[in-house]
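Per TrEMBL, the features are as follows:
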- 30-371: domain 'Orn/DAP/Arg decarboxylase 2 C-terminal' (DOMAIN)
- 36-281: domain 'Orn/DAP/Arg decarboxylase 2 N-terminal' (DOMAIN)
- LYS61: N6-(pyridoxal phosphate)lysine (MOD_RES)
- GLY240, GLU275, PRO276, GLY277, ARG278, TYR373: pyridoxal 5'-phosphate binding site (BINDING)
- ARG278, ARG315, TYR319, GLU345, TYR373: substrate binding site (BINDING)
- CYS344: active site, proton donor (ACT_SITE)
Amino acid sequence: MDHFALRDGVLHAEDVPLPRIAEEVGTPVYVYSRATLERHARVFAEGLADVPDKLIAFAVKSNPNLAVLKVLQRAGFGADVVSGGEMRRALAAGMAPEAIVFSGVGKTMHELSEALDAGIGQFNIESREEGRELAELAAARGQSAPACLRINPDVDAKTHEKISTGKAENKFGIPLIHARDVFAELAGLEGLDLRGVAVHIGSQLLDLEPLETAFGKVGELVADLREAGHTITHVDLGGGLGVPYKAGENPPSPAEYGAMVARVTKDWGVHLTFEPGRVIAGNAGVLLTRVVRVKRGGNGPPFVIVDAAMNDLARPALYGAWHDFEAVEPSGERLTANIVGPICETGDTFARDRECDALKSGDLAVFRTAGAYGATMASSYNSRGFVAEVLVDGDKYAVVADRIDAGAIMDAERVPEWLA
Ligand SMILES: Cc1ncc(COP(=O)(O)O)c(C=O)c1O
Ligand SMILES: N[C@@H](CCCC[NH3+])C(=O)O
């Protein structure tokens, strides 16, 4: 069942007609479906049914909304966090500290110590330097930080270059050629309980082959480390599974992914961690927007100007990403248009020469697949503030993030006396 679907000619989120949300909450607004989040969580977990000992840690960066995290906590997920702020969100949503994994190349001393205080389940160490710093900090408190070493397998994930993380030239992880040496040094430090390795080669992967290659390299490393006398009990396989943004895109299903993982890891004898983000949240959300006006083009198609902009949904401007754009009450007529926001740069273009539903001033429309890397990447550029977020559950909905208008942001600023 599609939880964002046309019924009686009107697009619904579960049983709630989107015009009702637009009327009551205003636009633009992110709308998430609880049923879709739960279905995706279930399907992902079912895909991994043959992996007995595991933690599924939702990548909080993809959608850090507290209500979304709560849905996933109730589905049995933990959290993959990359900042102190994300860690506090996961804890606030009720995730057990032991079910929290902390990744990222630039964890500060403050964040490391905050995570030690919280007693999180795993630090994914991304450099020799970070490992030493964490060990010193933990030892000084009489703690031993549970950790994995994130390796960089130098595998091309065949995704957008800005979201590829496993090539040698990327900043992430420790190059395989140094991994044995770094592991040996860090495993000997008092403040660390170095118990395994982690890998994550990129996001929006549409092919299993790079993942399988990377996991194969991890398997070889685990065998080498064991041979060198290390005890390896944990491996973190990261996230990255892609989702369809447009017709014709066919990412591997969670079942196919799970079957590959089960086959590759069957003899490893370790606890496995997974860090899915987009595959859980991406198609569980839309950005609902209203057409401000339609402007005639110069020598091209008309401009459909919507009240959402690149500050609300950055992916098209940042990565040239495609998001399906549909009318909430399609008339049946079609149009070829440039879909743009109000921001003062040409980059504020959601789609160029796009065939879409014919729309006029005041009509509602959605950008699909906006539940991951949508609201979380918003900025207040052009003093536009932050849009509200709504969670739909059957025939009811709740505002799960208030709109923060430009005035509230301005209230946090001041002109110093010596300048007044
Ligand atoms: C370390 C790590 N884990 C998990 C993820 C989640 O990735 P995705 O949303 O593609 O599943 C990311 C982002 O690519 C990441 O950097
Ligand atoms: N922000 C990216 C994904 C980044 C993945 C982070 N590791 C996107 O929207 O596609």
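Cβ from N, Cα, C; glycine included.
Mapped onto this structure are the features recorded in TrEMBL.
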residue : record                              : Cβ contacts under 8 Å, 6 or more apart
LYS61   : N6-(pyridoxal phosphate)lysine      : ASP80, VAL81, VAL82, GLU86, GLY277, TYR373, THR376
GLY240  : pyridoxal 5'-phosphate binding site : ALA157, THR159, HIS200, ILE201, GLY202, SER203, GLN204, LEU205, LEU211, PRO276
GLU275  : pyridoxal 5'-phosphate binding site : ALA57, PHE58, ALA59, ASP80, VAL101, SER103, HIS200, ASP236, LEU237, GLY238, GLY239
ARG278  : pyridoxal 5'-phosphate binding site : ALA59, SER62, SER203, GLN204, GLY239, LEU241, GLY242, VAL243, ALA372, TYR373
ARG315  : substrate binding site              : ALA321, HIS323, TYR373, GLY374, MET377
TYR319  : substrate binding site              : HIS160, LYS162, ILE163
GLU345  : substrate binding site              : MET310
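In this view, PRO276 (pyridoxal 5'-phosphate binding site) is surrounded by 28 other Cβ atoms within 10 Å of its Cβ, with every protein chain counted. Our reading of the substrate binding annotation (ARG278, ARG315, TYR319, GLU345, TYR373) yields a largest Cα to Cα distance of 28 angstrom. Within 8 Å of the Cβ centroid of the pyridoxal 5'-phosphate site, not counting the listed residues GLY240, GLU275, PRO276, GLY277, ARG278, TYR373, the chain contributes ALA59, LYS61, SER62, SER203, GLY239, LEU241, VAL279, ILE280, ALA281, ALA372.
Checking the binding-site residues GLY240, GLY277, GLU345, TYR373 for a CB within less than 6 Å of any atom of ligand 2 leaves TYR373, listed in sequence order. Here the domain 'Orn/DAP/Arg decarboxylase 2 C-terminal' (30-371) has a mean pLDDT of 97 out of 100. For the recorded positions listed here (GLY277, CYS344, TYR373), the lowest count of other CB atoms within 10 A around the CB belongs to CYS344. Not one of the recorded positions ARG315, TYR319, CYS344, GLU345, TYR373 has a CB under 6 Å from ligand 1.
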